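Before we start, here is the structure in question, set down as structure tokens.
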Amino acid sequence: MCRPALARLLLLQLLLLKLYLGKGAMKECDKDQFQCRNERCIPAVWACDEDNDCSDNSDEADCPKKTCAETDFACDNGHCIPDRWKCDGEEECSDGSDESEAACTKQVCPAEKISCGDLSNKCIPSSWRCDGQKDCESGIDEAGCAPACSPDEFQCSNKTCISINFVCDGYNNCGDGSDEKKCSPLTCSPNEFQCNNSVCIPQLWVCDNQADCEDHSDESIERCGYDAKAFNTCAAHEFQCGNGECILLNWKCDGDEDCKDKSDEQDCPLVTCRPDEFQCGDGTCIHGAKQCDKVHDCPDNSDEAGCVQESACESPSKFQCKSGECIDGGKVCDLHRDCRDWSDEPLKECGINECSLNNGGCSHICKDLKIGYECECPPGYKLLDKKTCGDIDECENPDACSQICINYKGDYKCECYEGYEMDTLSKNCKAVGKSPYLIFTNRHEVRKIDLVKRDYSRIIPMLKNVVALDVEVATNRIYWCDLFYRKIYSAYIDKASDTAEQVILIDSQLNSPEGVAIDWVHKNIYWTDSGNKTISVATADGSRRRTVFNSDLSEPRAIAVDPTRRFMYWSDWGDKAKIEKAGLNGVGRQVLVSDNIEWPNGITLDLLNQRLYWVDSKLHSLSCIDFNGSNREVLISSIDDLSHPFGLAVFEDRVFWTDLENEAIFSANRLSGLDISVLAENLNNPHDIVVFHELKQPKAPDSCELSPQPNGGCEYLCLPAPHISPRSPKFTCACPDNMWLGPDMKKCYKELPTTPATVEVPTTTTSHPAATSTVTVTGSANTTTAVIPRAVSEATTAIPSSHSTTSLLIDSEMTTGNSNLSQHYSNNGQGFDSTVTAAVIGIVIPVVVIGLLCMGGYLIWRNWKRKNTKSMNFDNPVYRKTTEEEDEDEIHIGRTAQIGHVYPARVALSLEDDGLP
């Protein structure tokens with residue numbers, strides 16, 4: 001009787017155990033996931049979103065009624081979207097209710113916008129009217145527009161407008177030659193020189209070491225009495241071109257024409273490539289692995305010519321046999337063996353629809369195949385584990401949107417920053433307000449091109465050799481460097497053509513200024529000098545200046561600043577080409593790019609998207625990185641469009657560059673590098689280029705004016721410190737070259753002050769762990785970095801401070817040469833005064849000596865006492881038997897009066913055993 005009952009009980013226990021184990025083996029989802037009844041895991045945010053993501057609808061069961069916020073629009077299916085997405089021309093509601101006629105009643109456009117017509121609910125900025133770009137679907141914004149050219153302009157046959165001064169000047173400024181048609185024979189004025197080809201140039205340009213006539217007659221030896229090329233002296237590591245240019249010596253006979261006259265590739269021996277290399281059609285050598293890799297590495301694209309594409313069984317209409325063959329998909333399960341191993345005719349799989357059972361385990365779409373099945377996902381989703389679909393975060397692609405990318409389930413949304421609006425046709429963000437225009441150098445003049453109307457005019461004429469420029473939009477000023485005069489100038493743009501309005505800012509200690517940048521927030525100007533191998537800074541009026549860097553620079557060229565984050569960036573095309581970054585006060589210098597870079601010329605900053613762009617004249621490329629040097633990308637690699645790029649600028653979704661070899665200005669999409677177009681041709685050594693628009697220079701607080709004291713309390717220069725963290729210092733004080741900051745870190749002295757600063761001893765101090773302060777010594781020969789201890793207490797000296805987070809900068813003249821000494825302190829740290837240091841040492845040393853003497857006396861006494869102590873152990877068997885679980889007791893009898901004093905079981909006479917040194 002008991003055995004059957006026991007058996008049934010045992011069987012019941014086994015069943016319960018099986019159920020328990022089955023339950024325990026149930027798949028567990030992560031904390032940020034929702035577990036469906038069918039054990040599927042989905043993101044927790046997908047629950048109760050009106051979508052059946054579990055496929056059993058368990059994620060939509062027992063959901064509370066959803067109420068959209070006041071700033072949201074409620075879709076008819078219950079979804080909530082931002083109200084600004086309603087009636088924007090794109091359906092964000094899955095049911096399209098946000099773009100329905102009921103929701104989109106006729107909009108009333110505000111005063112600063114115009115309507116796209118009765119059949120459209122779209123409003124566009126008034127500045128987009130008659131800008132040459134169709135922004136309304138109907139094109140009504142470009143209808144009935146008057147001719148674009150003003151009375152002082154000439155309209156070319158291609159409808160572009162140029163300054164009337166460019167007509168019949170011997171140059172094809174229109175691009176189609178219409179400005180040089182029907183021109184009477186040129187007659188040069190008394191202040192002009194006539195070239196042998198009858199072209200007139202200013203007399204000022206004759207014998208200036210730069211050929212302006214196509215036949216070089218203005219620089220001939222007969223006229224000038226000397227060979228202009230003899231005046232250019234190249235360094236030992238450089239090669240002098242036939243026209244006097246200097247290039248790196250290792251660029252000679254490398255297969256790439258770097259000299260403008262191509263003399264670096266003349267009389268070169270026949271190039272022989274190594275066995276592991278491929279020789280291009282032009283003779284250059286590339287690594288053999290780069291041949292037929294679907295990337296054009298040779299300048300003539302010969303590395304990709306004649307390549308045989310490997311056959312792959314990747315087409316949906318193909319089937320890959322397990323034995324390796326690739327057969328037509330229609331031959332699968334047709335009762336005929338087409339694969340050697342019969343893998344196209346599996347008996348147990350042909351004719352079976354796996355999707356009929358639980359949707360094949362697919363979370364969304366199950367596609368039955370002749371053999372097996374596969375899971376698919378709707379648009380905006382991707383397979384996570386071959387069965388489960390997950391949302392695609394399109395915003396992970398930095399090129400997904402022009403500016404702002406917002407990812408949501410199954411799709412994404414692009415938006416624009418303040419000051420920009422989305423063009424619904426191109427999906428690009430366009431600037432609102434005045435038309436942007438390009439300003440660029442053209443050797444003897446500065447010109448501008450309106451990017452909307454394509455107006456083309458001259459700003460500054462009659463210059464010698466302008467190579468660098470920048471603008472300050474708020475004040476409408478332009479700054480430029482003239483390489484011939486070795487000076488930096490400034491003027492108001494609308495008055496710059498008048499030489500009387502041109503102000504000389506810097507006219508001394510300049511050798512070869514090739515880059516200039518304006519800090520429009522803190523009103524400073526920065527420039528590079530490849531001759532002096534320095535980077536310098538001055539106030540915008542040029543009254544106060546100093547050298548920021550004078551070491552580890554070879555050929556510094558372009559420079560750009562970011563006053564909002566308080567950093568500067570520059571390119572150096574010397575022996576070790578690189579792009580560097582540092583704070584506007586010279587702190588935190590670091591290399592961003594040092595590999596795969598040869599001849600970096602122009603650089604430019606996209607402040608909105610935090611990207612740095614640069615062109616490489618040796619690699620014929622246009623590349624970009626983020627502000628930390630990461631996410632590097634080559635946008636364009638073309639020897640035709642980037643023959644010798646120099647200047648660079650970026651705005652909206654376009655990047656612009658000048659090219660010395662093509663003598664033109666190009667433009668391309670800054671995200672993809674596609675849509676390359678020519679904006680201006682037939683130029684004369686175009687170098688630098690900038691975009692003039694108010695959105696290019698956003699407003700930001702002046703760090704030096706946040707202090708209660710003017711100029712941050714600095715006697716000379718107040719330089720903004722880089723913004724690294726919320727606790728970063730705001731600025732540092734700086735002195736002119738060969739002068740020192742005083743103890744107060746604000747005043748400047750010709751010699752290091754010897755009079756100590758007043759010291760206030762605080763009544764109480766708060767102890768902190770010792771810190772360190774870095775001292776960087778930058779000299780003409782080398783760079784030394786030392787570490788000095790920082791004050792231990794929080795307050796030791798009374799040094800006036802203009803701001804609680806102000807970093808202090810000490811500049812000094814080293815006795816060994818013109819070197820700069822800069823000591824940077826933390827936010828709340830104070831500098832050591834020499835008197836305070838001496839006082840601290842005078843107190844600490846005696847205390848340490850007395851402490852050591854006391855410790856030595858104590859150790860001698862303890863050692864003597866232990867030597868005069870004897871131990872005896874008594875073993876009582878009876879006592880031990882009754883206390884066998886207790887530890888063994890020891891009784892110590894000493895010669896001293898301290899009878900019965902208990903010592904540790906182990907008596908050590910060695911000082912090392914006591915843990916003492």
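A Cβ is built for glycine as well, from the same backbone N, Cα and C atoms used for every other residue.
Per Swiss-Prot, the feature signal peptide maps to 1-24. The Ca(2+) binding site annotation in Swiss-Prot covers Trp46, Asp49, Asp51, Asp53, Asp59, Glu60 and rests on similarity to another entry. Taken from Swiss-Prot, the feature domain 'LDL-receptor class A 2' covers 67-105, and the record attributes it to sequence analysis. Per Swiss-Prot, the feature N-linked glycosylation site maps to Asn158, Asn196, Asn532, Asn628, Asn782, Asn820. Positions annotated as domain 'LDL-receptor class A 6' by Swiss-Prot, on the basis of sequence analysis: 272-308. The repeat 'LDL-receptor class B 1' annotation in Swiss-Prot covers 476-522. Marked as repeat 'LDL-receptor class B 4' by Swiss-Prot: 610-652. What Swiss-Prot lists as region 'Clustered O-linked oligosaccharides' is 754-813.
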Taking only the glycosylation sites Asn158, Asn196, Asn532, Asn628, which one has a CA atom nearest to the CA atom of Asp51 (Ca(2+) binding site)?
Asn628
Grab the same-chain neighbours of the repeat 'LDL-receptor class B 4' (610-652) for me: Cβ-Cβ under 8 Å, and only residues 6 or more beyond its ends, written as numbers and ranges.
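Those are 251, 256, 258, 260, 296, 299, 398, 402, 420, 428-431, 436, 438, 440-441, 451, 558, 560, 562, 565, 567, 569, 571, 579, 581, 590-593, 596-604, 658-662, 666, 668, 670, 672-673, 676, 686-691, 693, 696, in sequence order.
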Quick check: which same-chain residues outside Trp46, Asp49, Asp51, Asp53, Asp59, Glu60 lie with their CB within 8 A of the centre of the Ca(2+) site CB atoms?
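Close Cβ neighbours, site residues excluded: Ile42, Ala47, Cys48, Glu50, Asn52, Cys54.
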How many whole Å apart are the CA atoms of Asn532 (N-linked glycosylation site) and Asn628 (N-linked glycosylation site)?
28
Have a look at the glycosylation sites Asn158, Asn196, Asn628 and say which one has the shortest Cα distance to Glu60 (Ca(2+) binding site).
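Result for Glu60 (Ca(2+) binding site): the nearest of the glycosylation sites is Asn628.
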Please list, for the repeat 'LDL-receptor class B 4' (610-652), how many residues fall into helix, strand and coil according to DSSP.
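Counts, helix then strand then coil: 0 helix, 24 strand, 19 coil.
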Using C-alpha atoms, which one of the glycosylation sites Asn158, Asn196, Asn628 comes nearest to Trp46 (Ca(2+) binding site)?
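The answer is Asn628.
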Over the span of the domain 'LDL-receptor class A 6' (272-308), count residues by DSSP class, listing helix, strand and coil in order.
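Looking at the domain 'LDL-receptor class A 6' (272-308) with DSSP, the answer is 6 helix, 6 strand, 25 coil.
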What is the one among the glycosylation sites Asn158, Asn196, Asn532, Asn628 whose Cβ has the most other Cβ atoms less than or equal to 10 Å away?
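By the 10 Å Cβ neighbour count, Asn532 comes out on top.
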If I take the Cα of Asp49 (Ca(2+) binding site) as reference, which of the glycosylation sites Asn158, Asn196, Asn628 has the closest Cα?
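Out of the listed candidates, the nearest Cα belongs to Asn628.
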Between the Cα atoms of Asn158 (N-linked glycosylation site) and Asn628 (N-linked glycosylation site), find the distance and write it as a whole number of Å.
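Between the alpha carbons of Asn158 (N-linked glycosylation site) and Asn628 (N-linked glycosylation site) there are 44 Å.
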Can you tell me how many other Cβ atoms are located within 10 Å of the Cβ belonging to Asp53 (Ca(2+) binding site)?
25
Cα distance, Asn628 (N-linked glycosylation site) to Asp53 (Ca(2+) binding site), nearest Å?
40
Might you list, by sequence position, any residue in that chain lying six or more from Asp59 (Ca(2+) binding site) with a Cβ less than 8 Å away from its Cβ?
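Phe34, Cys36, Ile42, Trp46, Ala47, Cys48, Asp49, Asp51, Asn52, Asp53 - these are the non-local Cβ neighbours of Asp59 (Ca(2+) binding site), listed in sequence order.
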Could you please provide the mean pLDDT value for the repeat 'LDL-receptor class B 1' (476-522)?
96
With DSSP as the yardstick, break the domain 'LDL-receptor class A 2' (67-105) down into helix, strand and coil residue counts.
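Helix (H, G, I), strand (E, B), coil: 6 helix, 6 strand, 27 coil.
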So, by DSSP, how many helix, strand and coil residues make up the repeat 'LDL-receptor class B 1' (476-522)?
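In the repeat 'LDL-receptor class B 1' (476-522), the DSSP-based counts are 6 helix, 23 strand, 18 coil.
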